[in-house]
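Participant: Sharing a structure below in structure tokens format, with a few things to ask.
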Amino acid sequence: MGSVRTNRYSIVSSEEDGMKLATLAVANGFGNGKSKVHTRQQCRSRFVKKDGHCNVQFINVGEKGQRYLADIFTTCVDIRWRWMLVIFCLAFVLSWLFFGCVFWLIALLHGDLDASKESKACVSEVNSFTAAFLFSIETQTTIGYGFRCVTDECPVAVFMVVFQSIVGCIIDAFIIGAVMAKMAKPKKRNETLVFSHNAVIAMRDGKLCLMWRVGNLRKSHLVEAHVRAQLLKSRITSEGEYIPLDQIDINVGFDSGIDRIFLVSPITIVHEIDEDSPLYDLSKQDIDNADFEIVVILEGMVEATAMTTQCRSSYLANEILWGHRYEPVLFEEKHYYKVDYSRFHKTYEVPNTPLCSARDLAEKKYILSNANSFCYENEVALTSKEEDDSENGVPESTSTDTPPDIDLHNQASVPLEPRPLRRESEI
């Protein structure tokens, strides 16, 4: 049964190591139900890669070519540049050849190819196919060298000149429009929108929260920026229906409006793990053994073009660090704020993070330590980071009276010296 299901529902290509189907809970599909269906180990790739590309292949699509040709403009905009240039070059060459053949046939039927004929030609100086082809190029591109020209002898030739001029304008307009649309696509804008390599779970305001960080490497703003997230998980319903990828929304503040962000400096997106969260029943051990993928999406309008762009990434269960927080990247200077992107992906461990699920924490099954200890650990983490930077060659601005063998993590009474970089600003 497992092999049949694999062949039937394998819609994702296996290009990299992915998640493994180990245990499916009938109740909610997240490995915490009482009734579990055990299946054989199965490797599965990401649904959305780290660079944002969807790892999906479409097969057995009926009338695919006709559907793509029916929307030829979108097809030309979406294809690669090399194929786009090939299509446009072929469009020009084929149009020149077609009208060259038409003018050659007109000259042939009128007898202009006969050198002994002294009557007026339909197109002067067109006495071979090569000459007709050159006349076609000169007409469509409006070069006009002056040797070949249409006369009033043949109305058909005059009509074909007018018709070719109109066709040439249509081809030029289509090409210019497609090239401009392709150049204006905000796809490359995503190269300067970054997500942190790992997501983290830690305490914030007395509650367990799932967090990840987003940043904008350009100084130009992303207008109306907002974030979304979904959890993808295979599950079996209570009726026995197998859903390969069940998509569950993760609340990042849509109802309250905090999903809309002012992305000038890196921002940490926070999902509060409450009773409505799909992670509510998962502890650290459950996360370590879980099989799911969290897809995160950042949308907004490019300030320069006012076109909407979407940046995507994903986190597997093994890319979620429990009991970690991100290192500060925003520091306040005298007249400005400084962003240090070398710390963007770095995290530090918070030892007193509860290992239980958010449900157990809400039901008081886990006793939290004093909140002040977290503040001290936060400052010590920053102190340790600055000491590491000093050892790597960064000039030290702190006191050097402390012996090198003192463990700052165990010396709660050691006062912290003032730092040149202030705390991370709250956004």
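Think of each number as a place in line: the chain as shown, counted from 1.
Backbone N, Cα and C define each Cβ position, glycine as well.
Pulled the feature table from Swiss-Prot, pasting it below:
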- 129-140: intramembrane segment (INTRAMEM)
- 141-147: intramembrane segment (INTRAMEM)
- CYS76: S-nitrosocysteine (MOD_RES)
- 181-208: region 'Polyphosphoinositide (PIP2)-binding' (REGION)
- 384-427: region 'Disordered' (REGION)
- 142-147: motif 'Selectivity filter' (MOTIF)
- 1-81: topological domain 'Cytoplasmic' (TOPO_DOM)
- 107-128: topological domain 'Extracellular' (TOPO_DOM)
- 148-156: topological domain 'Extracellular' (TOPO_DOM)
- 179-427: topological domain 'Cytoplasmic' (TOPO_DOM)
- 82-106: transmembrane segment (TRANSMEM)
- 157-178: transmembrane segment (TRANSMEM)
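Help me picture where these features are in the structure shown.
Facilitator: Within the chain carrying the intramembrane segment (129-140), a Cβ under 8 angstroms from the stretch's Cβ atoms is held by residues 92, 95-97, 99-104, 107, 123, 148, 161, 164-165, 167-168, all 6 or more beyond its ends.
Remote same-chain residues near the intramembrane segment (141-147) are listed as 124-125, 165, 168 (criterion: CB distance under 8 Å, separation of at least six residues from the stretch ends).
Under 8 Å, Cβ to Cβ, and six or more positions away along its own chain, CYS76 (S-nitrosocysteine) finds MET84, ILE87, ALA178, LYS182.
Listed by sequence, the residues of this chain that lie at least six past the ends of the region 'Polyphosphoinositide (PIP2)-binding' (181-208) yet keep a Cβ under 8 A from its Cβ atoms are 50, 52, 73, 76-77, 81, 84, 214-218, 222, 270, 272-274, 279, 284, 287, 294, 296, 298, 302, 305, 307-311, 313, 315, 319-326, 344-345, 347, 350, 353-354, 358, 361, 368, 374.
Model confidence over the motif 'Selectivity filter' (142-147) stands at 80, taken as the mean pLDDT rounded to a whole number.
Taking H, G and I as helix, E and B as strand and the rest as coil, DSSP gives the topological domain 'Extracellular' (107-128) the counts 4 helix, 2 strand, 16 coil.
Beyond its flanks by at least six residues, the transmembrane segment (82-106) meets 76, 112, 122-123, 126, 128-129, 132-137, 139-140, 154, 156-157, 160, 164, 167-168, 171, 175, 178-179, 182 of its own chain at Cβ-Cβ distances under 8 Å.
Long-range neighbours of the transmembrane segment (157-178) within the same chain, counting only residues 6 or more positions beyond its ends whose Cβ lies under 8 Å from a Cβ of the stretch, are 73, 76-77, 84, 88, 91-92, 95, 99, 102-103, 106, 122-123, 136, 139-142, 150-151.
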Participant: By DSSP assignment, list the helix, strand and coil residue numbers for the topological domain 'Extracellular' (148-156), in that order.
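Facilitator: With helix first, then strand, then coil, the topological domain 'Extracellular' (148-156) has 2 helix, 2 strand, 5 coil.
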Participant: Using a Cβ-Cβ cut-off of under 8 Å, list the residues of the same chain that are 6+ residues beyond the ends of the topological domain 'Extracellular' (107-128) and lie near it.
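Facilitator: Same-chain contacts beyond the ends: 135, 147-151, 153-154, 156-157.
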